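Below is one structure, written out as structure tokens; comments come after it.
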Amino acid sequence: MKELHKTSFLESLLIQKRVIGALLMREIITRYGRNNIGFLWLFVEPLLLTLVMVLMWKFFRMHNVSALNIVAFTLTGYPMMMMWRNASNHAIGSISANTSLLYHRNVRVLDTIFARMLLEIAGATIAQVVIMFALVIIGWIDVPADIFYMLLAWLLMAMFAVGLGLVICSVAFHFEPFGKVWSTISFVMMPLSGVFFFVHNLPQQLQHYVLMIPMVHGTEMFRAGYFGDSVTTYENPWYILLCNLVLLLLGLAVVARFSKGVEPQ
């Protein structure tokens with residue numbers, strides 16, 4: 001009897017890469033279709049939402065309230081919030097939408113979750129880059145002070161989005177009503193994520209508690225990279241990284257546990 005070929009770690013990674021790539025294409029076609037602009041909605045949708053927020057703050061003349069560029073302030077907070085919120089929201093339905101695919105030997109529950117979250121992260125990232133580049137060109141905002149620091153903050157928050165998505169998906173799998181209310185909960189969390197404020201402007205007795213929220217550190221770090229020394233920020237990259245690792249390890253462990261009861265044997 002011919003012995004089955006055992007794949008190496010590198011071969012397994014290549015297989016998983018192809019599987020996730022195929023799931024990504026399936027998700028894009030299923031969600032956006034093949035007609036009209038199709039997959040371009042991947043980043044057009046978050047771009048338009050961000051643009052609406054920017055224009056609203058711009059034309060309501062919120063720049064008269066502060067000397068800070070209010071367009072840049074909005075742009076350095078809202079898209080990042082959309083990334084972790086959308087990634088966690090869409091992670092919830094990833095298993096039910098791809099149940100039939102789990103009968104394929106190389107498709108795992110984790111792959112379906114990763115594919116959806118990567119799609120949301122990619123869309124938010126492209127939207128952030130495109131709209132920031134466009135607004136710099138037309139002179140609405142200045143060139144960022146430290147692009148590398150902004151990139152590091154974005155990567156840390158993308159990592160946070162993945163960890164949060166895994167945990168939320170796991171909780172929703174075990175407690176279905178939670179999946180229905182998470183969208184509302186995440187919406188309520190928007191004001192707490194640092195999108196609409198600098199920690200420095202809060203009362204000192206509140207700052208300690210606000211800095212316990214990992215999303216606040218990501219937003220502060222991203223804005224520190226953009227505005228440079230013109231603003232005072234209180235980010236701690238190591239704290240975000242620690243929170244990310246905890247979420248990732250917890251999420252991976254729980255997903256691995258319930259996957260055994262979902263994937264066909």
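Note: Cβ is positioned from N, Cα and C throughout, glycine not excepted.
What Swiss-Prot annotates here:
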{"type": "TRANSMEM", "residues": "37-57", "note": "transmembrane segment"}
{"type": "DOMAIN", "residues": "37-258", "note": "domain 'ABC transmembrane type-2'"}
{"type": "TRANSMEM", "residues": "64-84", "note": "transmembrane segment"}
{"type": "TRANSMEM", "residues": "121-141", "note": "transmembrane segment"}
{"type": "TRANSMEM", "residues": "147-167", "note": "transmembrane segment"}
{"type": "TRANSMEM", "residues": "178-198", "note": "transmembrane segment"}
{"type": "TRANSMEM", "residues": "236-256", "note": "transmembrane segment"}
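With respect to Cβ pairs under 8 Å, the transmembrane segment (147-167) is most closely packed against 236-256, considering the stretches 64-84, 121-141, 178-198, 236-256. Counting only same-chain residues 6+ beyond the ends of the transmembrane segment (178-198), those with a CB under 8 A from a CB of the stretch are 77-78, 80-81, 85, 88-89, 92-93, 168, 171-172, 210, 213, 215-220, 223, 231-233.
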